[in-house]
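Okay, so here's the structure we're looking at.
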Amino acid sequence: MAEASRWHRGGASKHTLRYRKEVEIRTTLQELLLYFIFLINLCILTFGMVNPHMYYLNKVMSSLFLDTSVPGEERTNFKSIRSITDFWKFMEGPFLEGLYWDSWYNNQKLYNLKNSSRIYYENILLGVPRIRQLKVRNNTCKVYSSFQSLMNECYGKYTSANEDLSDFGLKHDTEWKYSTSNTNSPWHWGFFGVYRKGGYIFTLSKSKSETKNKFIDLRLNSWITRGTRVIFIDFSLYNANVNLFCIIRLVAEFPATGGILTSWQFYSVKLLRYVSYYDYFIASCEITFCIFLFVFTTQEVKKIKEFKSAYFKSIWNWLELLLLLLCFVAVAFNTYCNIQIFLLLGHLLKSTEKYSDFYFLAYWHIYYNNIIAITIFFAWIKNMFLAIINDTYSEVKADYSIGRRPDFELGEMIKKSYTNALEKLKLKKAQTDEDKKTKRRDLAEQARREGFDENEIQRAEKMKTWKERLEKKYYSTEIQDDYQPVTQQEFGELFLYAVELEKELHYINSKLNRVMRKLSTLG
């Protein structure tokens with residue numbers, strides 16, 4: 001009723017309507033600008049944590065430990081391992097040579113080694129590498145009765161229930177005795193199972209010759225058995241030139257079918273986060289991100305309190321909630337990673353004679369990068385532009401359904417705006433009244449040639465004139481008011497226009513009826 005009475009009175013005042021439009025436009029621009037700043041900040045956080053050095057460090061290390069072949073055997077590298085013999089050839093050849101760098105290319109001793117290896121002369125080996133094996137027990141599967149005379153042992157696939165915890169072999173060193181792991185590393189998800197921590201573990205020496213003798217001793221005493229299901233090779237490097245840690249894990253799985261399947265993980269991460277001025281700039285962006293998160297969360301809480309259950313009927317609101325959830329998860333991951341790095345990094349760097357488990361820190365750091373990448377993906381989908389266009393278009397369409405023509409379409413408005421822009425830029429000649437009259441005469445001549453009745457042509461020209469005059473008065477995009485009052489004279493013109501339309505519809509209907517009768521007669 002309020003809308004009807006306002007329409008009857010001629011609508012709101014020009015000043016009020018213009019002020020309302022200015023407020024809406026200003027609010028929309030503010031929201032757009034705020035969200036645009038948020039997106040820029042999020043992009044800086046996402047791409048500021050990675051750099052090309054990570055890719056090149058991974059590429060160099062993977063080439064060294066995966067692609068280097070055994071001398072004289074071009075096909076025997078880590079990727080091509082298929083048997084236990086191939087595995088020991090790799091361990092005593094490419095792996096050993098790639099791990100220990102104690103001299104220059106001219107065989108001169110490296111300076112200031114401090115009892116540590118310098119891979120490619122630039123990457124310090126942190127602590128010592130660790131080798132870990134997991135096995136399954138005998139009789140973890142059942143041999144069919146007809147074959148028991150041929151084979152009385154059966155080693156099933158790896159599960160925590162089938163895992164072998166007993167000592168074996170020489171039984172006097174850690175590599176022959178099962179030991180639980182005191183590290184925080186997560187379980188490893190491999191091709192043939194999910195492998196837990198612990199196992200038959202030993203660490204390598206800082207001496208290349210001692211490590212080689214260790215490998216020979218293990219090979220001769222059959223450290224790898226039929227029950228072996230996986231062997232992990234873990235070690236970490238640090239490159240001070242680019243301030244990156246490279247955490248490497250080589251995995252050889254021994255499925256119950258026989259053979260060996262290899263896999264690997266190379267994680268180049270920046271655990272020392274705040275070193276340069278650029279790092280402190282990234283830290284300021286992280287603080288800004290938290291402020292944005294607080295502001296957006298407050299806005300959504302207010303909306304939920306205001307609209308209650310109706311709030312959850314909009315897909316944009318669900319997307320907003322998903323984005324907020326991802327932001328909170330990213331903040332939680334970042335906080336957890338920084339706390340763990342602060343607590344563990346110093347201790348790990350001091351243990352130069354032991355295995356330094358940086359895999360745990362790299363694992364969570366990579367997960368944080370993945371979460372922030374997913375966050376920015378959904379942030380760009382939401383993008384705010386779509387929401388603003390959707391809301392603005394809905395409001396404009398509602399206004400036109402009340403006070404303007406009902407067949408309003410956004411495409412037509414864009415087309416008119418495009419034409420006006422071309423005319424203002426003088427890329428297209430503006431259409432004058434004379435041009436319109438000429439076009440109208442051409443259309444009338446074409447209609448006469450096609451056999452239309454002269455009365456029909458005159459009625460069409462008259463209705464076209466009325467329509468253009470009414471559109472100029474009520475449908476122009478240059479009108480500043482939402483509603484225009486209708487005088488008695490204008491109402492009369494509208495009424496006559498409606499009468500003429502009705503006559504035209506009646507005339508067309510009668511023509512259609514005649515055509516249908518003729519068609520039925522022919523049938």
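Every residue number used here counts from 1 along the chain in the order it is shown.
The backbone N, Cα and C atoms fix where each Cβ goes, glycine too.
Whatever TrEMBL says is automated annotation, not expert-curated.
Cys154 is paired in TrEMBL with Cys141, the candidate among Cys141, Cys246 named as its disulfide partner.
Two recorded stretches are said to be in contact when at least 3 C-beta pairs lie under 8 angstroms, sequence spacing 6 or more; the transmembrane segment (32-51) and the transmembrane segment (318-346) fall short of this definition.
Here the disulfide-bonded residues are Cys141, Cys154; the one with the fewest Cβ atoms within 10 Å of its Cβ is Cys141.
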